[in-house]
Amino acid sequence: MKFCVHILVILYCLCVLETISSEVNFVTSDTIATDYGLNARDEEISNMDILDAWGSDCTCLNGKCVNRCPSSYWTSEGGCIRVEPVCECDPEFGKVNDSTCAYCDCGKGINCSFSVIMNEIWMKNCFCPEGYHGGTGYSCLPNCDEKRPCQNGGTCDEGTCLCKRGTAGVFCEEIYWCKTECKPRLTVDCVYNQEQEYFDCICKDKSLYFDYRDEICKPCSCGNGTCKYYGIHELRCDCAPGYQEFKGECKPCDCGGKETCEFDQKGFKTCKCKTGYVSRQGICAPCNCGTNPSSNIPCSLDILGVKTCHCPSGSNYTKGVCEDVYLCQVNNPCHPTAICVDLVDKTRCECPKGYAAKHYYPGPGEPCEDVDECLDMSVCAQHKNLQCVNLPGTYKCECLPGFEPISLDAHSHDTDCKSHKETWMPAGVAILVILGLFAIGAGLFVYRTRRSRY
């Protein structure tokens, strides 16, 4: 502890009893006062520099000089010493001024300092030890690491925990909802669901399930199944095959296969049968009215199991199924140059590619005429020395007279044509072939003549 020390020396004249003096008790003119600043610790004064206050100036006739110190002064060999205390703050406190220490709130056993402006605390600076973070304006908080990991799915980033939604605290140990939910705590634990970033109430008795609607732990009443939470806190039954939940209990519900079986609001079983099946007497029975099972033609079974098909327009019921009626085969109204197309309850005539009629769809008996593509000047114009030749339903591009394709293996549509050059090579080849045939014939004649002689 630091002390401020003042020295006051008061000199008195103590007279002998036998002497009569007019200066009894003390002599004020002989009073000498000094004031020095001293440093002291643990009530031991050191480094004192005191002038000799007992000089020859003190003279007492028939007596001797003595000193008496007033109250709040300490008597010392050097004189009277007055000590004023200065604050030395306890642990976890910081000095505001010479007479005030304030609580740091930096953490257990951690000191601080305060920045004071106009006698007002402006800022706190915590002296954080190693392994802690905080400092100016903040308390010292322990760093997260392998030994002190973040909880509830939080991640450690340079000693600080980054908490997930709904959690807080130095190590993300606080769960907001758990302050008000999951009661009573004697029987229910509140935990954090990291996947949903929400809270869950878990009964301490693991054989019980927490009902969020009734806010109570109770046994599973599903029967032929197990209790399971769906979504957020929806307690339902996960029933065994052949059972479905109705009002918190698994009851028999089988439609004869993998079809969906459900209960209506009154508890009556309903079967949602797949395509090609209908519900009859509590099971899904086969009932198909089309050659294709996915035709979705309405089918029903009466009480005796007799099938009834509700054939759509444009089809007839034949041999237990609805078959499409092809009107074009029964009565084709189109011209031989047109194509008949079957529609629902009617037909339509269309012209094939390369043909057209007066209307986009020709009427009954209206012919389709060939389209002359060569009337379009852009046809065959993308290459040189080509001409367009119209064909029934199509056209072709060929080289002009006196021209031939540049590439023999290229289609005339895709190549230019070059001028055809006359050559004697074909004629020469023909002559050689004729001469060769003549020589072969002459040789056979000579061979037969010689053989006939023998």
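Even glycines carry a Cβ here, placed using N, Cα and C.
A quick note: this is a predicted structure, and the numbers were derived from the prediction, not measured.
Database features (TrEMBL):
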DISULFID  Cys380-Cys397  disulfide bond
DOMAIN    324-361  domain 'EGF-like'
DOMAIN    370-409  domain 'EGF-like'
SIGNAL    1-22  signal peptide
TRANSMEM  424-447  transmembrane segment
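Non-local neighbours of the domain 'EGF-like' (370-409) in the same chain are 352-356, 415-420; each lies 6+ residues outside the stretch with a CB under 8 Å from one of its CB atoms.
Here the domain 'EGF-like' (324-361) returns a mean pLDDT of 88 for the predicted model. DSSP classifies Cys380 (disulfide bond) as coil under the three-state reduction.
Counted with DSSP, the domain 'EGF-like' (324-361) comes out as 4 helix, 13 strand, 21 coil.
Across the domain 'EGF-like' (370-409), the DSSP tally of helix, strand and coil residues reads 3 helix, 16 strand, 21 coil.
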